[in-house]
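Under the heading transmembrane segment, TrEMBL lists 32-51, 58-79, 99-116, 125-141, 161-185, 197-214, 226-245, 252-273, 279-298.
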Amino acid sequence: WGLMLLLSVAMYGSHAPLLTLCKVDGTIPFSSSSVVVLVELTKLVLSLFFLLTWDRQLLGVAVSWHHVVPFALSALLYAANNNLVVHMQLFMDPSTYQVLSNLKIVSTALLYSLFLRQRLCMRKWLALFLLMAAGVSYSLGGLQDPQDSSSPSRMQLHITLVGLLLISVYCLISGLSAVYTEAILKTQALPLSLQNLFLYFFGVLLNLIGHFWSSTERGFLEGFSSWVLVIVVSQALNGLIMSVVMKHSSNITRLFVISCSILVNAVLSVMLFNLQLTLLFFVAVLCIGLAVHLYYGVT
């Protein structure tokens, strides 16, 4: 478990730096929707491989449409959120999105407590609010470009009323999709690799439809590089690890993994792009440390 969670933290934290390495003249040269399709397809292929390799004796298990259909809704929620991320940034600046998207920690915890009937004590709620505070602190200026004379503290945030509504819907769907998927994975008496097969089949289908629906003149693989391949493989592996976490642990563990990835993101940003750590980064680290202690360390 420890090795798997550390690997997931590393992959979450490396995602943004890897995207930066892919940029050409400051812009992403490839279609983000085609990357999402390839990530889902990779997860589908790996799930089939694991099913045929490790769970072959379970291939004869009785499966009905009652087992399969729930994963269609799960995939639809994930696909909707992926597209919402792109569109809602038309109504806010990237910094505002980074700050307000941390609200999904609270929305996920609330839905987890409500729908899965997992009562969280006051100490654990405080830990989760500290996680959110860590994300907000880091987003507000945990890293600074030494070449940039502007201070993180002077960051100008901008969001419209429509943007505020969309970020609220985004956080709600993000929490709902995660909690709903966890509920399916835990209530069905099926091997995880088979459940993943259902989920990622619908994921590939829906994201393919979304890609061609919003398709531009850019080719499916246009602008791809070796770094894009690294992103596809790492995000696919991370998705599979998160399904194990939701099946055998909980979405709360997933939230801690995502928050801890801040540390990896910061280290890579300093090493690769010569960014500097600010006081807000250390505030974020302190909040994460306290949150982990409150949630897991206090008895």
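Think of each number as a place in line: the chain as shown, counted from 1.
Every residue, even glycine, has its Cβ placed from backbone N, Cα and C.
Remote same-chain residues near the transmembrane segment (197-214) are listed as 31, 33-34, 36-37, 40-41, 43-44, 47-48, 51, 67-68, 71-72, 74-76, 78-79, 82-83, 181, 220, 243 (criterion: CB distance under 8 Å, separation of at least six residues from the stretch ends). Spatially, the transmembrane segment (125-141) is adjacent to the transmembrane segment (279-298); three or more Cβ-Cβ distances between them are under 8 Å for residues at least 6 apart in sequence. Contact check: the transmembrane segment (32-51) against the transmembrane segment (252-273) gives fewer than three Cβ pairs closer than 8 Å, residues 6 or more apart, which falls short of the contact criterion. For the transmembrane segment (252-273), the residues of the chain that approach it from at least six positions outside its boundaries are 5, 8-14, 16-17, 20-21, 105, 108-109, 112, 128, 131, 134-135, 138, 142-143, 145, 178, 242, 245-246, 281, 284-285, 288, 291-292, 295, judged by C-beta separation under 8 angstroms.
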